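Q: One structure coming up, written as structure tokens, with questions to follow.
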């Protein structure tokens, strides 16, 4: 149910102290909430226990506190705000891996897969959005997707949705740690080289004003070079700076000093103020991609099934790697019900969701296609495109330096929000309290940070981390649970027909194939 948040946790202007009456009401609501399961309406809190509308706030998936408006539709968001809220929430680090994903699948097949995965994930998201409406005789207005899973599948449904939601969040936090190490390394290198007038020379790179580099020359033309390219040692000149400023050896450890204290904050409301930076970063990335594409021009040569020296085939057997990345890139299924509650015209929910997916798909296509097409082949091979396409530009590139610095600051503010969501979901279920004690929270944060440090140290390939975590959480939350819930509800109403059973069964098999494809490609 909507819950009361002390004004100090609320984004925006608010008084510091909370009234004793409101605090007491909050305690009573929590008490009633613990007396009974969310599907049992017998012990719902009576009206006099519910705080007045001006005292009720709910947290969005981004960690921002929104005021609940009691029956006042004018305060809800218009469609355009809802569409961009979904676009902003869905746009994540996956955008940096799109050119690499297209390279792994082949240019033509890559574009087809982005379109198809966008349509499939949109349909599954539509099923999640409609799942609360199919439950008869129960007020589901304050339900989330785990509540629906619990209604249909009991404790197994609730815990499986929780576990896979945590997989997606912790996967995102690991990717953030790898990327922040990368951005901090390159930012520091840019500043050091600028101050000491060091001219960088890259072994494999293009000449001209817009330099593009191949940090790890292709080691295996027919295979996935990304799996072992990170074990090539960094270009080291033997200086003290290179010893202490290493992308994999030292920087992931330096980040602990900055980020571990931020994760232990009781409230994430301070960091929620910076969520707009995500939009600015994506807009700047689109500008950067457009500018680089204009300067570099297009370099395409179509080979349908065979590789050439500089070009990859249009159709490659490594395509599941792109579908794995896209499962996470189009993933918003665990919080779409929350986001849509604030839409002013509820009858437009499906249209607005479709528009948001269209915007996200076009953004991914734009960045992926332009970077892939503009990558200068020859002299470099398309195989050189990195899982983070910014790595294909030298640390001395000023425009790319600005992009890295902006993304580093943005990720530093979003990382504690993700950690807060992990804590709320896990601690809330295990202990019934979002902050059961400093020691509990500290141990959880040590485990999450440790996972990020280990990955950044030994396997800093964001493309692979995204595709594995995407395929795993997508199996449950995108393909299996929404399909099974829809089939179960149709069956209970006696409306299940074989075309629907075949189609949704196919979706479940697709999710399983997507996961297994990550291990065999």
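From the backbone N, Cα and C atoms, a Cβ is placed for every residue, glycine too.
A quick note: this is a predicted structure, and the numbers were derived from the prediction, not measured.
As annotated in TrEMBL:
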- 80-100: transmembrane segment (TRANSMEM)
- 82-191: domain 'Amino acid transporter transmembrane' (DOMAIN)
- 106-126: transmembrane segment (TRANSMEM)
- 159-179: transmembrane segment (TRANSMEM)
- 244-263: transmembrane segment (TRANSMEM)
- 244-509: domain 'Amino acid transporter transmembrane' (DOMAIN)
- 275-298: transmembrane segment (TRANSMEM)
- 318-340: transmembrane segment (TRANSMEM)
- 352-375: transmembrane segment (TRANSMEM)
- 398-418: transmembrane segment (TRANSMEM)
- 438-459: transmembrane segment (TRANSMEM)
- 465-489: transmembrane segment (TRANSMEM)
- 501-520: transmembrane segment (TRANSMEM)
Q: At a Cβ cut-off of 8 Å, and with pairs 6 or more apart in sequence only, do we get at least 3 pairs between the transmembrane segment (244-263) and the transmembrane segment (465-489), yes or no?
A: no
Q: Where else in the chain does the transmembrane segment (318-340) make close Cβ contacts, counting only residues six or more beyond its ends and a cut-off under 8 Å?
A: 58, 60-61, 82, 85-86, 89-90, 92, 94-95, 97-98, 101-102, 104-106, 109-110, 113-114, 117-118, 121-122, 124-125, 128-129, 132, 143-145, 161, 165, 168, 171-172, 224, 346, 349, 352-353, 357, 360-361, 364, 463-464, 466-471, 473-474, 477-478, 482, 513-515, 517-518, 520-521
Q: Which of 80-100, 352-375, 465-489 shares the most C-beta pairs under 8 angstroms with the transmembrane segment (106-126)?
A: 352-375
Q: Where, among 398-418, 438-459, 501-520, do we find the most CB pairs under 8 A to the transmembrane segment (465-489)?
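A: Per the Cβ count, the answer is 501-520.
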Q: Over the span of the domain 'Amino acid transporter transmembrane' (82-191), count residues by DSSP class, listing helix, strand and coil in order.
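A: The domain 'Amino acid transporter transmembrane' (82-191) comes out at 97 helix, 0 strand, 13 coil.
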Q: Mind checking which residues reach the transmembrane segment (398-418)? Cβ under 8 Å, same chain, six or more beyond either end.
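A: That would be 62-63, 169, 172-173, 176-177, 179-180, 182-184, 186-187, 190, 258-259, 262-263, 265, 268, 271-272, 274-275, 277-278, 280-281, 284-285, 288, 291-292, 390.
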